[in-house]
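Novice: Straight from Swiss-Prot, here's the annotation block:
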type	residues	note
DOMAIN	5-117	domain 'MTTase N-terminal'
BINDING	14, 50, 79	[4Fe-4S] cluster 1 binding site
DOMAIN	134-371	domain 'Radical SAM core'
BINDING	148, 152, 155	[4Fe-4S] cluster 2 binding site
DOMAIN	374-441	domain 'TRAM'
């Protein structure tokens, strides 16, 4: 009996990279390849890399090295693969079979075909309609565009993923419908710049199921909101037109949740970062959003220790944080990225100072988070069962919590529940990160 060619995949980096990996996996399975979870049984290993910060570069290079040591036949793709046209990876690991950049599934497949021809059986249906996914069945990432038109000084993503290219809205909706039909109860809308969706297409009108649909984020969200699942928006710059999404949140069409990458609160540092929004206008917009949608959850990420950041700049950042009272926040100490314009900015902040500021920042945010979560004690919430922990304990998420990056709702032991179930709970206590509750009705 002829051996079925097998592929192993290591997927690193952000949700956009996860979607790229899922597309590669789906096509490989459609071509008859067997997908395996270990090096020993794989004929070829694909490593989807991240190259955004130094730690991610190191992790990616280590993963490539491990795959080469354990297997020997490795195809590299992703953001790190785009650096220096692939020469950066080849310089570190000259034995890799091929190197491609992000969003290049065709090139990855070509490399795999060359090393390991497919053995396709045309009489076997190998791929479900929703494709193959790396996430659990109850949620899925929905990538609506590729690339970015911003020119932030600390970032090299546009040089890796290119300028903004929005998907056609009817194509997105077909994928969303297939994901929901396949069991997804939550769609996490992602891109590099979600609010800019459609700019490159000049908001042209498409058609889905005979209905006109503009290539605009508001129109797309309204259509997604008709699917009867949670729709959660990530990577949303605070553009003025984001206000148009608030009625959809108030009506329950999409979740009252915005992931807004603010990065800093000092106008001077934001200018040096080349960010597209001023801190004072952003704060006014946040306060306005909360007036319109009181239950709105805002998550964000920030960078401390950016070149030239003074004690006064950092104090402004903390003042902004206290005034904004964001619900979920991540903070990173600035890390120089090869090829980023910020590397030329004078006034590098010493590493110990960066870490001191990061710790001080997170201490302020922890107090804010604890206070905001405490307000939910006594409430009833509909949650989605996310995982079963050791001892039969149930871990769920509320509408306020994105998977992997936000908090969870601990329910203790609850008989009869399964991952992906909806359940109503009463919140009994909170800490700085998570909620705790008991099942009211399933």
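A Cβ is built for glycine as well, from the same backbone N, Cα and C atoms used for every other residue.
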Novice: Given residue 79 ([4Fe-4S] cluster 1 binding site) and residue 155 ([4Fe-4S] cluster 2 binding site), what distance in Å do their CA atoms have, once rounded to a whole number?
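Specialist: Each residue's Cα considered, residue 79 ([4Fe-4S] cluster 1 binding site) and residue 155 ([4Fe-4S] cluster 2 binding site) end up 12 Å apart.
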Novice: For residue 155 ([4Fe-4S] cluster 2 binding site) and residue 14 ([4Fe-4S] cluster 1 binding site), determine the Cα separation and express it in whole Å.
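Specialist: A Cα-Cα distance of 14 Å.
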Novice: In the structure shown, which of the binding-site residues 14, 50 has the fewest other Cβ atoms within 10 Å?
Specialist: 14
Novice: I want to check the contact list for residue 148 ([4Fe-4S] cluster 2 binding site): same chain, sequence separation of six or more, C-beta distance under 8 angstroms. What comes out?
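Specialist: For residue 148 ([4Fe-4S] cluster 2 binding site), the qualifying residues are 157, 158, 161, 163, 164, 192, 193, 196.
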Novice: What's the CA-CA gap between residue 14 ([4Fe-4S] cluster 1 binding site) and residue 152 ([4Fe-4S] cluster 2 binding site) in angstrom, rounded?
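Specialist: Each residue's Cα considered, residue 14 ([4Fe-4S] cluster 1 binding site) and residue 152 ([4Fe-4S] cluster 2 binding site) end up 18 Å apart.
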Novice: Quick one: of 79, 152, which of the binding-site residues has the smallest count of other CB atoms within 10 A?
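Specialist: Each of the binding-site residues 79, 152 was scored; lowest Cβ tally within 10 Å is 152.
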Novice: When a 10 Å sphere is centred on the Cβ of residue 155 ([4Fe-4S] cluster 2 binding site), how many other Cβ atoms does it contain?
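Specialist: By my count, 22.
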Novice: Whole-number Å only: compute the distance from the Cα of residue 50 ([4Fe-4S] cluster 1 binding site) to the Cα of residue 152 ([4Fe-4S] cluster 2 binding site).
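Specialist: It is 18 Å, counting Cα to Cα.
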Novice: Give the mean pLDDT for the domain 'MTTase N-terminal' (5-117) on the 0 to 100 scale.
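Specialist: The average pLDDT of the model in the domain 'MTTase N-terminal' (5-117) works out to 89.
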Novice: Using the Cβ center of 14, 50, 79 as the [4Fe-4S] cluster 1 site position, which other residues in that chain lie within 8 Å, going by their Cβ?
Specialist: 12, 13, 16, 17, 49, 51, 52, 56, 78, 80, 102
Novice: Tell me the residue counts in helix, strand and coil for the domain 'MTTase N-terminal' (5-117), as DSSP assigns them.
Specialist: 58 helix, 22 strand, 33 coil
